[in-house]
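In TrEMBL this protein carries:
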type: TRANSMEM; residues: 7-26; note: transmembrane segment
type: TRANSMEM; residues: 100-118; note: transmembrane segment
type: TRANSMEM; residues: 123-142; note: transmembrane segment
type: TRANSMEM; residues: 171-188; note: transmembrane segment
type: TRANSMEM; residues: 194-213; note: transmembrane segment
type: TRANSMEM; residues: 347-368; note: transmembrane segment
type: TRANSMEM; residues: 375-393; note: transmembrane segment
type: TRANSMEM; residues: 413-435; note: transmembrane segment
type: TRANSMEM; residues: 447-468; note: transmembrane segment
type: TRANSMEM; residues: 510-528; note: transmembrane segment
type: TRANSMEM; residues: 535-553; note: transmembrane segment
type: TRANSMEM; residues: 807-827; note: transmembrane segment
Amino acid sequence: MNFKKTIPYWVAIPIFFLVTIAYFNVEILDGKKLPQSDLVQFEGMSHLSQEFAKESGEVALWNVAMFGGFPEYLFSSIQNDPLQYIFLTLNGFLHTAHEVPATVFCLMLCFWLMALCFRINPWVAIIGAVVFAFNAFYISSIEAGHMTKMWATAFACLVLGGMKLLFDRKILLGAGVLSLGLALQIRANHLQITYYLIFVCAIYAFSELYFAYKKGTVQKFMTQIAPVMLGAVLLGAATQTYKIWTTQEYSEYSIRGKRELTPLDGNKQDLGKDGLDKDYAFSWSEGKLESLTLLVPNFYGSSSQESISPDGPMAQALEQVAGKQQASRLVNDPNFKLPLYFGDQPFTAGPIYLGAVMCFLFALGVVLMENKTRWWMIASIILMAMISWGNNLQWFNYTLFDYFPGFNKFRTVAMALGVACLVMCLLGTLGLDKLIKEREQVDLKKLLCALGASGGVALLIFLTAGMMNTHGAQDASIFQRMLGTNDARVIGAFTDGIAAERVSFIRTDAIRSVVLIALAFVAIFLYIKEKISANIVLVVVGLLAVGDVWGVSKRYLNDSDFVKTRQKKSHVKTAADKEILKDKDPNYRVLNIAGNPFNEANTSYFHKSIGGYFAAKMRRYQDLIERELQPEQMKLFNGLKQGQIPADLPAINMLNAKYLKAGNNAKDVILNPHAMGHAWFVESVKTVQFADEEIAALGQLDVKKEAVLDESKFELSKTSYNVDGVATATLNSFNNRHISYSTSNANDGLLVFSEIYYPKGWEVKIDGKEVDMKRVNYVLRALEVPAGKHEITFDFNPSSFVAGSKVSYAASYLSLLIFLIAAGLSVKQRVEKK
């Protein structure tokens, strides 16, 4: 065996490890942590569920801490999941506490494995893997806490790698890699990345079918490859049966499900349609030219929080208005940042920057690779780019939104360009591999084409930057708020200053890209002219490509973003929290009125909140927020100004919002005397026929005595009840899976619970006998309870999770077994061959 050929296989993982340490040294070596906004919210929403799991040993399938309660099984994992050990191994390689560097390490490792499946030189694969993992879009996503997106992207590499092995007739190994890769990819739980990956895989598969047809081998393809590929896909998906089933089940009742209310603007066209609102779904759409940030990071101003140049146009504008000393202080303040981004998206944490050198290598791959390899990749990239343009390409994306299954379930379509980065990086790595292996195939004409398509475009951007309109649509309003003035002269000076600052940044980055590409071009030119060796060109191009993305990524995630562990603690009990927690009954709810309670989950860390933070709320609860809770908040604010809490807050009161939290001090805690408690008997029920009538009636309801019910969906034996003065409903126990009550009533009655109605998974019993749960007051549970004393129990055991878990266990072990057998046989064959 030639030991030299095995060296890259032995050193790849140590290289990835060292590169990871080099970038994240302050976390790994100094013990600092990265505060990530999305993870802070997740910690808040999941804390009470995690505490329940620790105490009970059960999976918390229902979240008690947000929105009055909602299904948490969407992101619950089965216990002792065999695939979980792979995640733990990857995290454990860098210690389990370091998920940020572990994620980047996983991106490198999975891309490298994919590259090997595509028969790329292992040294070239290492270069491609590092560039792929450290591109600015992935790093800024990690900085924001979008970890599941990055895990899903990493495992997408294994899916493509498995497909390549299958198409190369390595049937057993391909099936093993494909099924395991898909299992891990779905398990990462970012369905939007999975959805876009399906498009890419479908294009790849149809491309292979087309070339098999041209070659006359379509019968072999359909009988030998296609069935195995289908089986591997089904097995991979089966490992995540519980996730797919629960997600499908919940989606019907989420904001991605059917609309039941007439929109506030009165437009009835969308009534009954499912999916997100179109404006909401496409709010994060890339501009068509904005995609050029792949080549020039600052082409559209980079991010919405950028430091400015100390001697740039914006600094000069500051100096004119605030004076030299004040301007200098502001410019040199690391916390002083301005929104240099001026594209179509509301805001952004950073550009989707693939790397100038990688763009050059991608162009090289386009001109060097054979049709069978390049065309499916080019088609995938074009499709992902078109999707990312969202409402800037309405004829295409609105058609998909209205007619293509699943497309209207997702927002932030700009994310599709992140998937394109994977394919572009693969084609660029293949181009470099082709260059190394077949130097004689690379003539000057092809090299110049690649140079023109990358460096030429960057040079054109540099030359025309001054002609661009770099004024942002919100610039004037931003400076009006920042400066507290409407003086047109002052505002104009600042808007012109920031526009000129953007031009300066564009030119700087454009010439940077030109220089990097030129250096890579010279190295490759010398190589094809046989002036330097393959090793030298790999070192030079590799250092240029890695240094390129490394430098830009450090703008968005660097040592200064990490804080000491004790400073990172995001959820600290305030005096207000301590005051509320004095309540001996822990099953009250809290409404945080210090900010927007429906866009934060910090309150949920310590309390059961009627607010929260989740992008896929239940449709009816979102309706309640928009139609009742937010208007009631305004009424509450007006009442508090007059020193009183209005009694007519039906939604807030029926959700048992016992405490109002107006700040962090103990005196900011306000007791709501009108909160309805855990459950209560009502005297009468108003029946309606439509959801519009139901939500309208709720606003006029005396919830202590009345309830409203949609009789087109639920039946009651009567609508009027005798409630005696001693009728009681007592809460006995309450957790994420089980609730029990004791009731006493002299007459038959309708008992309303301050718990959110969800039709799936709840087993409801009165004295051990199963009964049907009703929905009243638009979102609450209710039961008809016979006269006398009774025990009522609610148990959450959704079959989608319970039964789905059993299928997932079996499929996971089978997938792992196939992979291990295939990998073992592959190694055995290679050893025997050597």
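From the backbone N, Cα and C atoms, a Cβ is placed for every residue, glycine too.
Residues 131, 135-137, 139-141, 143-144, 286, 291, 293-300, 302-305, 339, 341, 374, 378, 414, 417-418, 421, 424-425, 427-432, 434-435, 441-442, 446-447, 449-451, 453-455, 458, 512-514, 516-517, 520-521, 524, 541, 544-545, 548-549, 552, 555-556 of the same chain lie 6+ residues outside the transmembrane segment (347-368) yet bring a C-beta within less than 8 angstroms of a C-beta in it. Same-chain residues lying 6 or more positions outside the transmembrane segment (535-553) and placing a CB less than 8 Å from one of its CB atoms are 23, 123-124, 126-127, 130-131, 134-136, 139-140, 297, 353-358, 361, 432, 435-436, 516, 519-520, 523-524, 526-527. Beyond its flanks by at least six residues, the transmembrane segment (375-393) meets 196, 199-200, 203-204, 206-208, 278-279, 281-282, 284-288, 291, 344, 366, 400, 413-417, 419-420, 423-424, 426-427 of its own chain at Cβ-Cβ distances under 8 Å. Contact between the transmembrane segment (123-142) and the transmembrane segment (171-188) is absent: fewer than three CB pairs lie under 8 Å, with pairs separated by 6 or more positions in sequence. Residues 77, 81, 83, 86-87, 117, 148, 151-152, 154-159, 161-165, 194, 197, 224-225, 228-229, 231-233, 235-237, 239-240, 243-244, 811-812, 815-816, 818-823, 825-826 of the same chain sit 6 or more residues outside the transmembrane segment (171-188) yet have a Cβ under 8 Å from a Cβ within it.
Across 100-118, 413-435, 447-468, 807-827, the stretch most heavily in contact with the transmembrane segment (194-213), judged by Cβ pairs under 8 Å, is 413-435. Here the transmembrane segment (413-435) has long-range neighbours at 111, 114-115, 118, 120-121, 124-125, 127-128, 131-132, 135, 137-138, 141, 149, 153, 156-157, 160, 192-193, 196-197, 200, 281-282, 284-286, 291, 294, 345, 352, 354, 358-366, 368-369, 373-374, 377-378, 380-381, 384-385, 387-390, 397, 441-442, 450, 524, 527-528, 537-538, 541, meaning same-chain residues at least 6 beyond its ends whose C-beta is under 8 angstroms from one of its own.
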